[in-house]
Structure formats: C-alpha cells, structure tokens
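Visitor: Annotation source Swiss-Prot lists active site, nucleophile at 152. For 12, 13, 34, 78, 121, 316, the entry in Swiss-Prot reads NAD(+) binding site. Residues or ranges marked as D-glyceraldehyde 3-phosphate binding site by Swiss-Prot: 151, 152, 153, 182, 199, 212, 213, 235. Per Swiss-Prot, site 'Activates thiol group during catalysis' is recorded for 179, and the stated evidence type is similarity to another entry.
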C-alpha cells in the first residue's frame, strides 16, 4: 500500500522532506500547498546551496511540476480548511509552514475534503504528543490525528540525554546549541519582522545569542527529565551544521570511557556515534538526528562530585528532516 503525503509549506524543511521521501518505497507526495509561484518552488527544489543539487528531474507543468516523471499538484491556499487534500488521496500532511504549529490550527487540515493525520514540523505544545524517532516514538498508538516532530535541537538533544540518563541518572543540566543561522534572521542589519533586536543583525557576520525551547521541551519527550534541563542558543555564521553541548550532574561518578561506551551502545539509525575529529561541514547532509562526538566528552571533579560535558552534532536541516520522515512513515504505518 502506498501512503500518500501532502506538504503544506515548501520551504527549507518541506523541500528537504520531499527529497527524502523520493527515496522511500511505499510513500509518495501527491500534493504541495505553498503561496509561492510553482516556477520558484521547482527551481529551489532543483538547486540547493547547502544540500546540493536534486538527484532527479524537475519540470514545471500547468498546475504544478513533474518530478522524475511523476506529476505533483501545487496549490496556493492560505487557509488549510480550503485545501482539497482528498482529491489527491492525501492521508497524512506534513505541516511545514510554521504558521499552523498548534493543535487547533493543524486540525484545520482534517476537514471533509482534508487529510486524516498531521505531523507538525515544529514544537506543538502540551496538548499533542511530541515525538523524537528512536527515542520515544513508541508513545504513539495510531489513534492520534495530530502529532509534533519537535524541533531540530530537541531531536539532537533527546537521544543523548536519554542515553546519559538511562545509564547514569541526570540530576540537573544546562545545554547550549551552537546553531547555524536560519531564515528568520536578517542577512544584513535591518528590522526583524518579529521585533527581535539580535536577529535584526547580520546573521552571516555575527554570533547571535538566541533562545531555545529544546531543553525545557525535553520533558515532553522524556518525562523523567521534565524540569531538569535548561539552555540557550548561539547562532553562528554557518548556513547549516550545528552542535549541542550538554553539561550535567549525575547520580553516580563516571569516567569518560564509561560515558562514551554508554553512548556507543545506545547508537542507532537516529543517534550516531563517532570518534573522528570532525567539524561542522562534515555533518551536512547526514541522516542521523544526532551524531555523538566521543572526542569532546569531559569529566571534571568538583568537591567529590562531578560536572560532565557531552557533545552531539546535527545538520539542523537534513538531520531534522530525516527524523521527521522516519516519524511520518511510522505514523502512517500504525494509523488506525
């Protein structure tokens, strides 16, 4: 059975999700909704500065574009309630606009001619299940209509924090994400549409302190860590490729080797492990949601207790997208 997917919002995440889905048997995108002209959407799908050229053919046609010989309908509806997903057989929508990230808003896709399920590509709040694949996807039972795929940083932090907590018990922690600049920052100094004075400064020329909800949102993914972590972000002048540092106190004293062994044992398709001396450009395009860097593990003795630092890399674009598509595929498979 082929699962038919619709994408609402064909920006960075929407386009990269489309690319990923092209390589998955049994899943296909049959409709895209975006207010941008299809000629522009097709061009941005074909050419990508950070992720490279699309491996396939893209041709603009009346009403959409043809990708590898398959026609994809493109509509331009502002209100999800007006998108006729059903005509194209869409069962599940990837909500990637950023404007319908809360449950009530995302549910607008579930109208009479709409879809059956929605995956939000952003933190969704306390009233939807927040899923980081291979960390807590087993909380889904298939009856849900709207779920959240969390944020890119939460997808990096969660598997590392879970492995650490399962092995040694986290008491408290602070995380910092050193994060690539994104489209919500100015390329040159100028007024920021959200009124943020720091994001109004040139993103490719500054280290820009920013907030992140990833640490606090960890409680939605790993309930036993609720209230135990906090954190912040520093946006840096790279177009993609980010890293998360987590400093914690643990229930027991440990060594660097013990920590690294626990992380290696916890590795899977979503949580990678490396001992190579890599830099940020080396993780562009990786499909791990989080790539643990064993070379950066630190343990400091402090008056009989310890401070422990662990580090994991992520491509804030492709790592996150790969996780979203894993979640979407699983969600469709168990749907009831």
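Each Cβ is built from the backbone N, Cα and C atoms, and glycine gets one as well.
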Visitor: Using Cα coordinates, what distance in whole Å links residue 316 (NAD(+) binding site) and residue 152 (active site, nucleophile)?
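Guide: So the alpha carbons of residue 316 (NAD(+) binding site) and residue 152 (active site, nucleophile) sit roughly 6 Å from each other.
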Visitor: By the count of other Cβ atoms within 10 Å, pick out the sparsest of the recorded positions 12, 179, 199, 235.
Guide: 199
Visitor: Using C-alpha positions only, work out which of the recorded positions 12, 34, 121, 179 is nearest to residue 153 (D-glyceraldehyde 3-phosphate binding site).
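Guide: Nearest by Cα distance to residue 153 (D-glyceraldehyde 3-phosphate binding site): 179.
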Visitor: Tally every other Cβ atom lying within 10 Å of the Cβ atom of residue 34 (NAD(+) binding site).
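Guide: Other Cβ atoms found within 10 Å: 21.
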Visitor: Quick check for the class: what is the C-alpha distance, in angstrom and rounded, between residue 213 (D-glyceraldehyde 3-phosphate binding site) and residue 121 (NAD(+) binding site)?
Guide: 14
Visitor: Given the recorded positions 12, 13, 34, 78, 121, 179, tell me which ones have a C-alpha lying within 10 Å of the C-alpha of residue 151 (D-glyceraldehyde 3-phosphate binding site).
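Guide: Near residue 151 (D-glyceraldehyde 3-phosphate binding site) by Cα: 121.
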Visitor: In the structure shown, which of the binding-site residues 121, 151, 153 has the fewest Cβ neighbours within 10 Å?
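Guide: Ranked by other Cβ atoms within 10 Å, the binding-site residues 121, 151, 153 bottom out at 151.
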